[in-house]
């Protein structure tokens with residue numbers, strides 16, 4: 001069990017079913033010390049309104065020993081790497097995940113997907129690329145792993161991709177883990193939980209990590225401190241309330 005989960009959704013994304021309180025309670029039961037709420041960016045049809053992200057400043061940083069990161073799963077919008085987290089929103093979030101979603105960026109071809117993903121990393125706002133192994137969006141895996149290492153962006157192993165969503169992801173996810181390992185980059189583990197019971201469930205991710213002998217020192221989720229150090233290295237301000245997690 002890793003003590004950090006960096007991808008989940010609340011009822012603010014209306015196809016999810018749990019509240020912030022639900023996730024805090026689940027984190028306490030599972031000894032999860034830090035999680036990021038990453039509801040969908042506003043260009044998705046059922047995503048929270050822009051004001052949801054602007055008002056995240058009212059969230060507590062720490063509740064009964066559980067740290068909370070203010071995040072977003074932004075949408076990659078085009079081949080230029082634009083995402084739907086811009087302007088004042090950037091000042092309200094701690095962590096930005098970005099990925100392809102069909103209502104915003106319909107699947108195209110491998111070269112287009114690869115170019116868009118690398119452009120997103122190069123623009124510098126995204127910290128993590130979500131579910132890059134989605135078979136509907138084939139990419140040049142070696143190229144994105146090398147770009148992620150170059151731009152200090154983590155690629156995600158998404159546990160939900162092995163279960164409920166994005167059927168056929170496993171071979172791609174295994175290849176991505178191998179490519180990130182060899183490029184010296186970083187992996188982020190995300191439950192992509194849409195209900196609190198699956199918070200921190202990385203069962204399938206851990207199997208892939210073991211199969212490819214992936215180094216623990218290239219995994220963000222090993223500790224809260226590693227995540228916070230990574231975000232600070234990426235230019236995000238230190239979060240004093242989480243300093244002792």
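Cβ from N, Cα, C; glycine included.
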Record says 15, 194 bind Zn(2+) 2. Source is Swiss-Prot. Which of 21, 40, 204 does it list for that same site?
40
Candidate sharing the Zn(2+) 1 site with 7, 9, 73 (per Swiss-Prot), from 140, 182, 192:
192
When DSSP is mapped onto helix/strand/coil, what comes out for residue 131 (Zn(2+) 3 binding site)?
coil
Among 9, 73, 101, 131, 192, these being the binding-site residues, pick the one whose CA is nearest to that of residue 15 (Zn(2+) 2 binding site).
9
